[in-house]
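Peer 1: Reproduced below are the annotations present in TrEMBL:
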- LYS43: active site, proton acceptor (ACT_SITE)
- LYS43: N6-(pyridoxal phosphate)lysine (MOD_RES)
- ARG141: substrate binding site (BINDING)
- 249-377: domain 'Alanine racemase C-terminal' (DOMAIN)
- TYR270: active site, proton acceptor (ACT_SITE)
Amino acid sequence: MLQRSEISSQGPTIAEIDLSAFKENVKTLKLTAKKSMLLAVIKTNAYGHGVVPIGLAAVEAGAERLGVTTVKEGALLRENDISVPVHLLSAVMPEQADEIAAKNLTASVSSKELAVALSRAAVKKGNSISVHLKIDTGLHRFGIEPDEAIAFCQSCYHLPNLHWEGIYTHFSSADEADWETTEKQYKLFMRTVSKLADQGFFFPIYHVGGSTITIERSDMHLDIVRPGIALFGYQPDARQEKIISVKPVMKLKSKILHIKELPPKTPVGYGGEYVTETTKKIAVVPIGHGDGYQRALSNKGEMLVGGKRAKIIGTISLDQTLIDITNIPNVKVGDEVVLLGSQGDEMISARDIAGWMDSIVDEVLAGLMERVRRVYV
Ligand SMILES: *Cc1c(COP(=O)(O)O)cnc(C)c1O
């Protein structure tokens, strides 16, 4: 239990995480890809939702596997007694091989250096490491080029103590519904897999797709689907809202810290970019770009107060944001402000915020800093 003094020192800005909505989303996506295993992608601190509580909830809801990008996140999951396979979906440094072996993580391999380092670490530890070969079909981030896959396997497939459990790729343009490019990449992947098999290089598990493929392309589900953002209640693109329904998991809220009345022609905030035209009542909300509430929302975004929309005015600073409450009656210091989620009949979604800052939902959610307290409900 928290002591009263700790509660009051923690500040009013919190991200409320609805674990039951998250678990429902896991189940919805599992039903969408019934024949495949579900690998819940919970990288980047579970897109800002907290990797450990979300990892535990994902497994409880039936996710067969988890995916992260850093060894640190994988280790955290293991230290919290999560025993399902945990995939590292990004390349990692060869010097992290010992920790991967120690924590029994499933590595992505797309370089000989890493394969050799993992093999050595596994031999040293006296067991094997599961690895998935990453094929680059067009994202050009990392992965073995299809033309080089056979040569790569000739030099690495038989390294001791590596268990080549899977082979996979990641598409570049599925979220944008560029099916021509995606199908080309899919075919290239499948051709590579079969060329490798012809040479005796077998991989029991194939996988290619994140949320978009899970939602829209059952023909590409293969052995594992790897949804990320959809688990947190947002389809990668608004067109998919008609196909599947998922529930937002995060609500972001704060409280009014201070209220001020300003006469006409008063500049407000750093640089005085906003100037009042008429008499204005403004409120200070204790969140800023130091919390991951992006500066791009300056003079653009909105928050909910008293069930109404209040516009952000002036430049967002590290720790504070100003909103215009002139037309919202009876607002007092301490009143709840909702930055993400609903209040009364109004709702602000992460997609709205992403639109205001000309970005995507992933950045809105995953960009929220650790110092914003997460409360699990
Ligand atoms: C991030 C990621 C995913 C999940 O993508 P979403 O679009 O968030 O579902 C799947 N696979 C890999 C390799 C990833 O890096």
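Cβ coordinates are placed from backbone N, Cα and C, and glycine is handled just like the others.
Those TrEMBL annotations? Automatic predictions, nothing curated.
A description of the local structural setting of each listed feature is requested, covering burial, neighbours and distances.
Peer 2: Other Cβ atoms within 10 Å of the Cβ of LYS43 (active site, proton acceptor) number 19 in total over all chains.
The DSSP secondary structure for LYS43 (active site, proton acceptor) is helix.
Of all Cβ atoms in the shown protein chains, 12 besides its own fall within 10 Å of the Cβ of ARG141 (substrate binding site).
Across the residues of the domain 'Alanine racemase C-terminal' (249-377), the predicted structure has a mean pLDDT of 96.
The secondary structure of TYR270 (active site, proton acceptor), as reduced to three states from DSSP, is helical. The number of other CB atoms found within 10 A of the CB of TYR270 (active site, proton acceptor), across every protein chain shown, is 12.
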Peer 1: Looking only at C-alpha atoms, tell me how far LYS43 (active site, proton acceptor) is from ARG141 (substrate binding site), rounded to the nearest Å.
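Peer 2: Cα-Cα distance, LYS43 (active site, proton acceptor) to ARG141 (substrate binding site): 17 Å.
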Peer 1: How far is it from ARG141 (substrate binding site) to TYR270 (active site, proton acceptor), counting Cα to Cα, in Å?
Peer 2: 39
Peer 1: Reported in the order helix, strand, coil, what are the DSSP residue counts of the domain 'Alanine racemase C-terminal' (249-377)?
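Peer 2: Taking the domain 'Alanine racemase C-terminal' (249-377) as a whole: 22 helix, 50 strand, 57 coil.
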